[in-house]
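Taken from TrEMBL as is:
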type: COMPBIAS; residues: 86-99; note: compositional bias 'Basic and acidic residues'
type: DOMAIN; residues: 202-348; note: domain 'YDG'
type: DOMAIN; residues: 420-481; note: domain 'Pre-SET'
type: DOMAIN; residues: 484-607; note: domain 'SET'
type: DOMAIN; residues: 620-636; note: domain 'Post-SET'
type: REGION; residues: 63-99; note: region 'Disordered'
Amino acid sequence: VDKSRVLEVKPLRSFVPVFPNPPLSTPFVFISPNGPFPSGFQPFYPFLGSNTPPDFAIPAPIPLKNGGRKRASKMRTPTYAVPDGEDGHGESSIRDDHRDIYSAAGKRRARAKRKGGPVNPDIDSLINTYLSALDLDQLDESRNANGDKDTVASLLSAYNLIRRRMNQLEEANKISVRRPDLKTGTLLMSKGIRTNSVKRVGHVPGVQVGDVFFFRMELCLVGLHSPSMAGIDYMTVKATIGEEPIAVSIVASVGYDDNDDGDVLIYSGQGGVQRRDGTASDQKLERGNLALEKSLHRGNEVRVIRGVKDVPGSTGKVYIYDGVYKIQQSWAEKNAAGFKVFKYKLVRVPGQAEAFALWKSIQQWKEGTFSRAGVILPDLTLGAEPLPVALVNEVDGEKGPAHFTYTTRLKVSSDPEPSVGCCCPEGCEPGDADCACNLRNEGLLPYSSLGVLLSNRWLIYECGESCSCPPSCRGRISQAGLKLHLEVFKTDDNRGWGLRSWDAIRAGGFICEYAGEVVDGGKRTGNDDYEFDSRRVYDEASGKPSPPPFPVVISGKRWGNVARFMNHSCFPNVAWKPVLAEGWVLRVAFFAIGHIPPMVELTYDYGVLPPERREEERKKRKNCLCRSSECRGYFY
């Protein structure tokens, strides 16, 4: 691997490796699953890429002015420049990019490139590049056997990065992908890229109770549960005579049950199921079943991972690490077909953080069978969003934040200029060389079918009002409103109101955009508590002033949405990216940095003022209360 192609990798506080684009390849989003971040790679600005903000010459205020039309193109192009190497275009500007893509010749070249055969990327080289940037290419024996928070975060990042990249390329090339999750995990483990490989009883280092996963292979890679298919993981220990197996973890696929308090699990043994040939048999007291029986008598702790159904629209599961349990009872009974099945009663060890019990409570809130405590308003948005957003205070008697008008869009000083969009009446499709919106995103859709961000371009192009695609198009993810059940809640540590989700959020998942009033000229209004300012610096280590990518300031004081309630953290789990759709009005969209469990506060890094502005606005400096290990101690 040519490690010189990894741009300025620095230790600590890093989101993403930055690579020049290899031939016939587009960047892929890299998001660490646990925030900033495992040591060994460079921070992003504002979400991905180099920590130094690109030197953009975008005129203010928003909306951006159109740069004119090329004779052979119907697409309007902005006139700001992209710095060398930012998107793999060298010194080309966005205007030049559009000139080539939207000219007749450019379209023919793009179409010929697409129809010339599928792209066959060097997967091994791709994997090695990412592993090198994440400091995983030289995973030593100690980190392989015993993990920590940084190693677990890096592994999950690498896994999701490669899995989605594979899926994205094969989808664009019309190749049927069968279990890319298993394929990616197998490739990584074949290289010895895993942690906590030494089996153990009890918790595993780097994984916390309540952590969520979306693929069984993630459990394997971090050592939480080794088998990719089997529900029981066990190890061999010394016994009075010889050796015997004991269970170390189980994966239980569960649903909702009114009579289940969340701390007791009745688990069915493995084996004896009906086979493809129609035959079935009694379960046998061997392998995993025997290990569970031995653990009952030994009294050792067993890790329990609960597999629950993902949000509507997804056929997958969310795997919740529910902590450690102990087996209290076992028995055998006949199933409906008359065959013997082993049953095991597991009881959760007290004193652990809530996990599955919290998930059960949330399902009750959603279904209306149990009321959420402390609710002031059931829907803060008053129907403006597709899903209600509860206003909750379980801390004191405050009845809500100061008055504001809820809006789902930006308020700009002038109407956006119309532009020519794509002609995809059924929605934009991956690999469609005739789709104008695809071409603006380097030929690939920026989002997955679940709305997960796939592109690491500094700017995401979305379909606009002039496009013929429907509202459900994958090119309109940030325009479709909230897809998560969110709540605005009163914090208990003097940080005012905050925002969190009732749903587990995938790494790269869209959360919301920052709605409000665009401040003309990028001037600050003084309403700092509810103001988004893109003109911030995120690289304190360099000490070099860097111009922001675009001077946009959005005030949420009078008009705003849920984004105005996101608090600052120096170790955030949410990050923002600029999105461009109709009329060249730049919007700000927020995405999850990593998998976020339910009811975890959503925060993003407000950044700090560039050095030349700090003295004049020193009085506006505030003490940071994020209490993270990476806390700077202040923010503006």
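These residue numbers are counts, starting from 1, taken along the chain as shown.
Note: Cβ is positioned from N, Cα and C throughout, glycine not excepted.
Just so it is clear, the model here is predicted, and its values are computed rather than measured.
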Count the CB pairs under 8 A between the domain 'Post-SET' (620-636) and each of 202-348, 420-481, 484-607, then give me the winner. 484-607
DSSP composition of the domain 'SET' (484-607), residue counts helix/strand/coil, works out to 13 helix, 48 strand, 63 coil
Can you work out the mean pLDDT of the predicted model over the domain 'SET' (484-607)? 85
Let's see if you can do this one: DSSP helix, strand and coil counts over the domain 'Pre-SET' (420-481), in that order. 11 helix, 5 strand, 46 coil
Counted with DSSP (H/G/I as helix, E/B as strand, rest coil), the domain 'YDG' (202-348) has 18 helix, 60 strand, 69 coil
According to DSSP, how is the domain 'Post-SET' (620-636) divided among helix, strand and coil residues? 1 helix, 4 strand, 12 coil
